[in-house]
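Under the heading transmembrane segment, TrEMBL lists 55-78, 110-128, 148-171, 183-204, 239-258, 265-283, 303-325, 337-356, 424-449.
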Amino acid sequence: MAGAENGTGIRQRNVPSDERADKLQVSRVVLPTAEGIKRDKELDKHTEYEFGGPWGVLAIMTGFPILMYYLWICLVFYDGKLVHPTSVDDIKPFLWRMWEHVRVDASPNLYAWKVYTGLIVYQLFLAWVVPGYMQEGLPVPSLNYRTLVYKCNAIGCIYITMITAAALHYYNIFRLTALIDNFGHLMTVAMIYGFGVSFFMYFITVATGNQIRMSGNFIYDVFMGACLNPRIGPVDLKMWLEVRIPWVIVFFMSVSGACKQYEQFGYVTPNMAFMVLATWLYLNACGKGEECIPQTWDMFHEKWGFLVIFWNFAGVPFSYIYSVVYMASHDPEKYRFSTPTYVALYATLLTAYYIWDTSMSQKSRFKMQTQGITTYRKTFPQLPWGTLKNPTYIQTAHGNRLLTDGWWRYSRKPNYVADWTMSLTWGLVQGTCSAIPYFYSVFFIVVLIHRCSRDFERCALKYGKDWDKYCSIVKYKFIPGIY
C-alpha cells in the first residue's frame, strides 16, 4: 500500500481518485517510534510456549471435543446430570454407552453436511457480493506497518440470512425446528470442519512460504496457526469466521428452540425468549460494530490456527447454548420463574449488554480517532456514550496511546466484565435445573483470566514504564474496587 510521510511521523495512504469517501474510511497511519519498532520485533517472534506447550495443546485438541460430546450427552439423555461409571467394572460399559450415543445421535449424517456446508457457502457468497463499509485496520508490524482494508458487510449479510431462513421455514422448505433436533449431528460436522480447515491452512501456508512466528513444533504450530491474514478475494477469512458462522448458528439454534416450544406447547417461554434476545443482541452487535474488529489484537497479531478456527466453527456454537438445548428437551415447568425474577434477569442482561457495547465502541473509536478517523457508521442501535469526545490518554514512548477515559478509567477490561456477566445469565435462565449450561460462564472466566495475563505481559513488554504509569491510573484489572 503506497504512502507518503508528511514530516510528522504520520504516513498518509494514497487513495485512488475513484474511491468514494463514504465507502473507504481513509486514515493517517501513526508509525511507532524507533523504540516501539524494536519492541514490536520482539513481540513478533516466538520466544516461549503457551497453553502448556506441545503436550498441552495436544491435550486441548483431543480433550475438548470429547468434553463437548460428554456434556451434550448428559444434557439430552441423562436429564442434565453429570453421569459417570458406577464402579470399576462399569467403566468399559459406560464408555460403550457414551460411544453409542455419539454413533447414533451425533453421526455426521447427510442432513448435517448439507446444512453446515450450505451455511458456509452462503455466508462466503454474501460476504463477497453484498456491499459493505470499507474500514482500514491498524498498522501490522509483521507487514512493515502496512494497513489492510476490511470489507464490513456482516450486518447486511446477517439480516439477509434471517430473511432467507424465515422464508424457507414459512414455505416448509427448511424447518428451523430441525436444527435443535439435529444438534449432535451438526456438532460433529462442525468439528470435522474445525480440524480440516486448521490442518489445511497450516499446510497451504507453509507450502506458499507465508508462515510467521513459528515454533518449529508441528502440532503446536497447527494449534497456534501459521498464517496471519488469510483472504479469499475481498473476504478476510479470520474476521469472516469470527462473526458469520459461530454467532449465526448460536442465534438460529435459539430460534429453533423457540420454534420447537411453540409447536409443542403453543407458546414460547420467557426463558427461551430471553435466549433469542440475548443471542440476537450479540449477533447484531458483531454485525453493527464490525468495523471495530480490525482495530483489535485478534486481527493484527493473533494467527489463524486451530485455537481460533475450531473454536469458531464448533466451540462457540455448540458449547455456549446448552441452556437452549436443555429447555428445548424438557418440560417448561422445570424452569418457570416468578415475574420479579424474569425482570431481574432481563435487566441484568440489558445492563451488561449496554456496558459491553459502549466500552467496546469507546476503545475502538478511540483507536480510530488516533488514526484520524472521525466519522463512524450509524448502524442500529447506536447507544449513548459509545464515542468519547476529547478523551484522556497516556502518550507512550512506543508511539501508541493508552485510553484512560470512559469505562476504561474504572477498569482495564470493562468489556470482559460485562461480557462475562452476559454469559452468566445464559446459565441462570434455566435456574438450577442443570449445572451444564453454566459451562459457558465457567469456561469463559478461565479464558478471560488467561487472556488478560497474556495481554498484560505483552503490554508490559511493549510499553515499559508507560504501562506502569497506566496501571497506577487504572488500578483495577476487572471489577472496580474489587479486582
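Positions of Cβ are set from backbone N, Cα and C atoms, glycine also.
Stretch with the most C-beta contacts under 8 angstroms to the transmembrane segment (148-171), considering only 55-78, 183-204, 239-258: 239-258.
The stretches the transmembrane segment (239-258) and the transmembrane segment (110-128) are in mutual contact, each linked to the other by at least three Cβ pairs under 8 Å (pairs 6 or more apart in sequence).
Counting C-beta pairs under 8 angstroms (sequence separation of 6 or more), the transmembrane segment (183-204) reaches the transmembrane segment (110-128) with 3 or more such pairs. The stretch in 55-78, 110-128, 265-283, 303-325, 337-356 that contributes the largest number of Cβ pairs under 8 Å to the transmembrane segment (424-449) is 303-325.
Panel annotation: around the transmembrane segment (265-283), residues 158, 243, 247-248, 250-251, 253-255, 257-258, 321, 323-324, 327-328, 332, 335-337, 342, 345-346, 349, 353, 422, 425-426, 429-430 of the same chain, lying at least six beyond its termini, place a Cβ under 8 Å from a Cβ of the stretch.
When Cβ-Cβ distances below 8 Å are used as the criterion, the transmembrane segment (110-128) is approached by residues 151, 153-154, 156-157, 160-161, 164, 178-179, 182, 185-186, 188-190, 193, 232-235, 240, 244-245, 248-249 of the same chain, each at least six residues removed from its ends.
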